Structures are given as structure tokens and as C-alpha cells.
């Protein structure tokens, strides 16, 4: 089993002077081989340029694409007669719709014949504060109350509550399925093997691809939006639960068994409680993922803040979009801090418990009865100042920076993107495929080489080879930029607590702020271009990489750093010779996650000039006859993701061992 | 003892607060739905459409006492909604022969409800400063002369023709090829990208040529000039590969679900009768896009100024 | 007295072809390494036999990889043995079905683990009561019993603490209390103190000796530490490569090592602490004056030093009035000098 992935033996060394040990010559000979491959590639590219590139015009289709279209049409045509719809999808839709509508009726929408929801803003704020107090303590409770009041002050109370309702519903349903599935995958290796690729698929398949079909299955409304959200949001819960169950120490389980516990007793009394802390982190990730879907779900009429963002963009109203985006960020930060703090063990004193319960009860009652507590009165509204501020900043940026930024764009495009894209997309497909397989072999041995070969075959089958290569080129450039940023900022944060405290919230915001909000100024700075798409991806992906690297650098044993300092290392030497090498597990993880996050922005890139796969998906969502092509492009993105993920993992394994 | 004191104080304080009077929920009666029933109106994501929809929704609510449910959807999804009964009307449709074929001819879930009176035009546009300084650019025959000027990082050694919104099928790649233009089609990918490009082009006198359409609210702000392509003749665009002529003019129309039409309620009557002009739409679109009015307020403003036009749309009692 | 535990020809082989290995005498006779090379299977326990008497403290000693941990897990079937018999109070527990096995684990034996295996989310009291809880003992009774054993192991006052708030030694006391709570007949210890500091280890060893005296349970104790084995064990089983090398009391191991492996092992043991007079006495010689002091043969050399050296005649080793031999200065000095 392990033997397959064993390193290739290096040829015998003759000319290796000095006391170096075995591993270095292997690297050197590998570097030589890699250099040879690249050289051969360059030569073949010169000779066979633009031959066999398998290009396909923007509006051209392959038989596969047409076939998918016809399947899609057939499904649509049969939806009123097919029993699968009548008794299965319709039932699911009904249940989810009822659930979401109920939550909305409670906190967001006028309901039960009342002009306002059952619980008004005062009640919601009180409940948020109380729940936070119980699970997360005083400080976080204050943050939650402040955050929710801020939403009201932004003039976005109802929209925020709609978003919150939908997010909560999607999260609850995700967990309802996700945690049992995660437990199963945690207990059974076979289940784990089956579930993992499905989760990969769910997370990398662009939402745009299944947005339209979802409305076919579950109609337009909360159900479709919820399901779209949970397809993306459930995988972290499943993955992390499985991981949590797997990492419960074996001896704890054994101890329970040795006392004669049954299987169920061990699960309920040992595994689940021991894994609780980690599972809560999974819930946290699920909530964040659900919030990141808010704007996309708005494209199929999901209520809430996403709609405000999408609408504002029709008129390039960055101020309004930013205000709504900020509300999403505030929601995300509150929910994140509450769930993160919930992993700690805490016990509230009795009096606080009952006092809090009393205050909350009164607040809910007031918000049910009195108008002032039900509807957020915006006398002290700050939303318009935020809007004006954001607009002013955007205008300033758009007016004064393009001179510099345009040059930067041209430089990166000419020096980095174009050459890479030329090599990948203008060489004959079989040359590129061979090169990639050869590199996979060099990096990870036989298994990654086989995976890459299969993936490349699938890319050819989608009929979108050249688009895939163009996207691959942009993805690689974006990942390089992400890693550069990740190392620079990550090391800084890892070495300075103060930097960490200041930068971390900015990173959080970068991750949750809907990309749509910053696309407009980016378009002004860099025009519609591949570079704009790359920058958008970097904004989204860099925070993850930075955080991982910062944590990795911080985790380097202080004793080692101290020893290095004692030997007289300069800061630079400490970073380069001690901290980074010791944090290489974090570095590889950052590269892997960076890649995956960059890929998840391919579709957004399609909206700002990236073309290729991203545009194919967007167009497929917008035009019926391009649907099949869009789906194929979605699959191509998934395939690229799987290939790059397995490759980086193999490289990471090789490098960290 | 202490904890009882705290608890007591909190409760007393809260109750005292509750005691302060305030308007109670339900004091004002909520408006009931009229005899028109529910009217499910799709909102496609562009401002011109929003203008149509806002005015229709306003009239339906105020005059016909309908309960209007607006659903924000892309075209493809909106048409799908005719079959599932979730969408009653799409009130500005740009051609979409593929959708017509699928939903009107094949699935028979939708029917046309006539023209909106608005004329749609698709084509290649340049910013006004360019049209002024180089008037000959408005003829496609001269485009190659300026190709160099349109070069960008994306188009390499050719001129860039910026395409935009993926919602609409373009013939641009075929046109470039068949008219032997030294240009490369670059897919901006969104309307936002196009608008931003034209805005900057006009402000900084940059060279941009791209796909655009009218009516569009941006044209109120910047009078983009259309480049003349070989004249459209019926059938000249039959073979997508060989297109070498301009886009046809579109008579923008309304599409409604079959069920909605058959029921023939007041809301359907209103949709069927609805007809106005490019100018009308531009006015409302400007209120929304540039004056940042809420669609309801924009509609109200226009309706109050155009009572006679609105009267003609109402169902004859 | 009948043994509590009687292990016969016990085998544990890891690998997909385990059952083939134990079915073949030829494969069984191979060394571990050879077997690994031939079949890919790992024989952790190879044909082990031993008995444990009621109330005995039986120690299994071996270096890491000797198979001792696997052996103790086989005894409770936490690891399923491949072949052999394990008689527990006359019942072959390899025949027990899942339910019977659970009953046995709940009532008859329990285990203390090297890394404690405590539940981090439960307080000390709830950890101790866990075994009772899964048996369905009502809460009140559980609390009572937990308190008893908590007091017994000296954790009074820490009932409401969580494991991560306790030191390693105290955590292991919790593990000990948990094992005692169910009032089992046999306690198994899997290297319980190897993760602790030397000082705390010594305390805990004394604690176990005290408990053994007070509750009189049969105990099977796994360790890799010879001095711990000698200190605790009534009898000691030495394992190597999955096989039994020698079983005997501490002085037997030191006095009569079965082979070079054991000899090498016990080489550094302070012999005067382990050997008894039985091992160093010599038959009386004619010139000996036989009216000196008497000592029983079980007297440890160290404790006899003073009496022997202060007496001017050889000390007689006597059991039940019968003269077994004599010990004079030279014998004593021979042992003590050998340690220097």
C-alpha cells in the first residue's frame, strides 16, 4: 500500500563531493530532470505552437454539452408528472420552505397577520446577547449585542434578519445531516473513503452550475436558496466531525470499552463529548461557508443582504453594496466569535442565568407588543454615512490610482500570466498532459501521476481543454501571489502579537465580504482582465494562507527560536533558517488551501474578465443553450481542483517527511 | 440574598420600562389584499427592466389592489418559473428565441403578451469623446485603422473588443472573423465590467470599443455612440458561424405564464395593456440608477406625472 | 487454590493471514523476524502460558515491543487473541459472546492505562462513576461509591475538578479509582506509571502496594521497569519477542536467571535488595560453630547484613526448626561487594 508512493531511487552518485547526505543529491537530480522537462516543453512549444490546443469558441458546443442540455430540458418538461418530483423533491421542498418561513416569521418577516415579525429587534438583540452569554461569556455577549444593534443602525435590520434566518436554517439542516454523516465517516474507513470525494465535489463545484437546476427541482424560493447554501456549507461540518471522531485518543475509547461500555454508550458518552470542541469548530466553518453564499443565493431570489448587494451592483452603487457587505461581515464576526468561544468550558453563575433569562423574556415580550421595540427606528441611522464614505473612497481610488495600478497590471500580465498561459494553452494538449504527468511523478511518485493522468483525460473529455489551461495559468499565478503575501504577512503576524491583533479582523473581513462589493473598484483599477480576476481571488484566498502561516510560525517552539538567537542569528536568519523551515507543514497546507480558495473564485473571475472556465460557467447559468457547456466547465473546475489538491498533498507529504 | 436583589432589580427595571407607553403592534390596521389576488412578477437584473416592473407593480398595487410579489431572477430561471407556477410575468424580454422555442412552443407554459413599446438595440459602442475626435470610427470599415489603439494586456497584438454580459448570445466572434477585423473579443463577463470600462474611457479619454445596448441607464449619463456594422437583413444571422451583419432591432415584449393569461385577471389585463416608450423607461431608470430613488418612489413619481398613460393600461371595467 | 486466571498457549498474530500462521507448526516455530519476512504477519504474543493465583500481584515485564501490552489486552479481549485459552475463574473467556464479555468487563475485571484514558469533559467524580453509569447504577448510589473510592485513592476534595486541572499522578489516581469503583475481582495495569515523574512514580507504587494490601484484589501489572517489577511483584513474568522467558519471584530471577537475556537484565539489580538468604547460604562445614543466631530463608540479604556481620559465628538459616544452611561474613560480603 505504502510502497506505491515510495520515492524513486536516485541514480548512483559519483560527482558528489563533500559530506552531504543522501537527500540532497536526490533533489539535485530531480531538479535536473525537471529542468530537462521544461526545456523539452519549450522546444516543443516553439515547434508546435497553436497546434492541437483543442480550443473551442465561446459559443461553440460539443455533443456532450448538447446532451447535457437535452437531459436538463427533459427534467424540466417532466417535473409535473414525474413521481420523483411529486413525492420526493416536492416533499423536501415543502419541509424546508416551511422551516425557513417559520424562522423568518419569528424574526424577519411580518407574520401571523401582524405587520411585524413575532420577535422584534429588541427581542432578537436580547436573545443574541443571552445565548452568547451562556455559551461564550460576557465579552462576546457584549460584542453580539453591539453587532446586532449596529445592523439596525445600518438601516438593514430586516435584510440582516432575513439573511440570518436563511443562514440558520441552512446551518441547522447541514448539521442535522452533517454530524451523523461525519460520525459515520469518523467510525468507518469505508464510509470515509466514499464520502470524501463527494465532499470535494460539493465544495469545488461552482454554485452557479447547480443554481438553475436547483430551482427546477425545488422551485424558486427559500428551499432552493437553502439547499444551494447547504451544499456548500455542509461539507466542513461533515469533514471536521469525522476528523474530530477520528482524533479522540484511542486509549480513551479503549478505557471505556474495558469498563464494559456498549458501542452506543461509547459513542454517546465518550466519542461525541470528547469530539465536541472540534465539532463546534466544524459548526463555525459551516456558518462561515453559509454566509459566504449569501450573495450568490440572491441570484435565485434568496431574501436578505445578498439581494441588496446584487441590486446595488446593477447601478454600480458601491456605497450601498459596501454597507450591505459590511452587515454580512458583522454577522459573520459575531457568529464566528460566539461559536469559537463556545468551544471553551464555562459555567454561568445561577443569578446571571436567571437574570439573563428574565431580561430576555421581558425584551421579547416588549418587542412582541410595542412598536418601538419591534421595528428598528432609524433616528440615529449610520447606514447613509457608511454608504457615502464608501462611495467617496471608491471614487478617490478610481480617480487617482489607475495610472499606477494599470502599469502594475500590464507588468504582471506580460511577465507572468502571458508566458505561462502561452505555454499551457498554446502547446499541443498531449505535450502539456505529458509534462504535467511527468511532474506529478517527480513530485509524488506513481499514484499522483495516475491521478493527474485521469484528471487530464477528464479535462479533454469536457471539451474545454484550452479554457482549462487558461484557467490553470491564472490559478497558478494567483496562488503564487497568495503565497508571497502569505509568507510576508504570515511571518510578520507570527512574530508579532500586535500585528496579529490588528491584521486578523481585516483578514476575517476579507474572507466574508462578498467579492461583488470590491469587484467594482477593482474593475476601475485594472479594467476587465485576467489580472482583475486574479486579484479578486487573491483577496479571497490570501487571508486563509496568511492565517495558516502565521499560526505555523507561532507554533515553532520558542526554545528553538531562543537557541537560534543565542547563537547570534539575525532576525532574517531566524526567519529563513529556523522559523520557515520548521513551519513547512503550515506552508504546504497554506499552498493547498490557497489553491482551493483561488479555484473557488474562478467563477467570480469570469465576471470581471477572466474568460475561460469562469466565463463558461457564468454564461451557462445565464443562457439555456450554454447550460451543458457551463456544467462541463464546472466539472472541469472540480477536476482541476482535485488534481491540484492531490498534487500539493503529495508534495507536502514528500517535503515534510 | 444578593442574587435575589439583582434579579429583582432587573425585573422591576424591565417592567417599569415596559410600563412606559408606546404604540402597540396592531394599532394601525394592515392593508388587506384586494380582489386582484397575488401577482408574481419576475425582476430581471437590469435597471430598464426594473423600471418596467416598478411601474407595473405600483399600478397593480395602488389601482388594482393586487398583492404583488417581486422575484429577483435571471431570465433563464424566470422562464423556468412559468412552468412551476411561480412566475406570472416577465415584463421586458430581449428576443431570447431559444427560450421562446422551449417554453412557448414546446412546453407550452408561456405566452407572449405583446410589445412593451420599447425598442431595443444591440451593437458595438464607443465613448462620445472618441466619436467626436475620430468620427470615422463609427463606420466598421475604418475599425482596422484604429485596432492598434485598442490594444490591451488581454488582447495581445490585436485590438480589444470588450464583450460583456454573458446573459446574451453575441455574434461578435463570428463578426470579427467574417468582417476580417484585426480584433480579439475579450469577455468582460458582466454588465458591471462594461459600464465601468465605458465610464473610465470617457473620463480619461481611453480607447474602448465594446458590446452594449440601449435602452440602458448609462446612456443617460454617457451618450455612447453606436458603430455602424453592415446592415441587418432578415435571415442574415441565420447561420451563427457566418454572421456578417449588424444585430436586429428588438421589439422588447412581455411574456406571461399560460395559466396567468388563461385566468385573464386584472393583473394580466394590466400587463397586456402596458406599453410605453424608450423615453419613459429612461426617465424611471434614471430615477432609480442615478437619483438612487427606491423603485416604488420612482414609479410613483412617474405615474403621478403620467396619469393619462396609466389610465389606458387599466382593465376596462 | 485454583488460579483466577489461567492462560494456555496464547497466540496473537497481526496480519491478514493470522489464522494460517497459528495453524502451522512450521510457521509458529519461526522467529518473529523470519515470520515477518515470510508472511508479513507480526506475532505479538507467541504461545504464552501462565497462571495467576487469587490475591496475587503478578507482574509482566518486558522491553517495548516484547508483546506485553498486547498480552494484557488479550486477557480482557480488548485485542482479540488469535489462538489459545484464557480461563477466568474456570470460564474460558474466549468463548464469551459480546454480552457476556461486557458483563465480565463491568463486574469482574477492570484496567488502568498508561495514558490514563480519562474523559476530559467529565469531572473526577463523573470519571470515577463512569463504569457504574454504563452498568445502569442509579445516580445516588453511584455518587456514594465514587466518593468511597475517591477517598480510598486519596483524591478527596478534587471531586469537581476536571482531568486537565490535575497533575499526571493525580490523573492516574483517578484512573485507579475508576478501575476500583466497580469492585472487580482482578485489576489489570498497563504500564500505569511510566508516564509519571520518578518521585510521583514511587508514591504511586507505594499506593498500589497499600491498595493491594487493603483491598486484596488480584492484580496483573505490566511494566518495562525491572525495579518496579521487583518492588511490586509477587511473581514476575519476563517476556521477550512475544515469548515467556522466565516466570518466578524476584529473587528467583536474580538468583537463578533462566538465560543470558535475563542475566543481562538483572545484572545491575542491587542483589542485596532482592536476594534472600536462601540464595547465598552454604551447607554447614565441620568447622562451623552452629550455635549462632537463626534467620528464616526468606530474609532479604540487606536486612541480614547487620545480624550476620555483628555475630561472631555464622548465622543459621532455619525453616520450621530444620537447618537449611549457614551464612557467614564472606557470603554476605560477596553479595554486597559484587554491587560496588
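Using N, Cα and C of the backbone, Cβ positions are placed for all residues, glycine too.
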Per TrEMBL, which of A:80-99, A:240-259, A:320-339 is transmembrane segment? A:320-339
Top partner of the transmembrane segment (A:118-151) among A:163-187, A:351-371, A:420-442, A:594-614 - counted as Cβ pairs under 8 Å: A:351-371
Tell me if the transmembrane segment (A:420-442) touches the transmembrane segment (A:279-300). I count contact as 3 or more CB pairs below 8 A, with pairs 6 or more residues apart. no
Do we see three or more Cβ pairs under 8 Å linking the transmembrane segment (A:594-614) and the transmembrane segment (A:351-371), pairs being at least 6 apart in sequence? no
Tertiary contacts of the transmembrane segment (A:506-525), defined by C-beta under 8 angstroms and 6+ residue spacing from its ends, are 288, 291-292, 294-295, 306, 309-310, 313, 316, 318, 321-322, 324-326, 328-329, 332-333, 336, 394, 397-398, 401-402, 405-406, 409, 532, 535-536, 539-540, 542-544, 546-547, 601, 604, 607-608
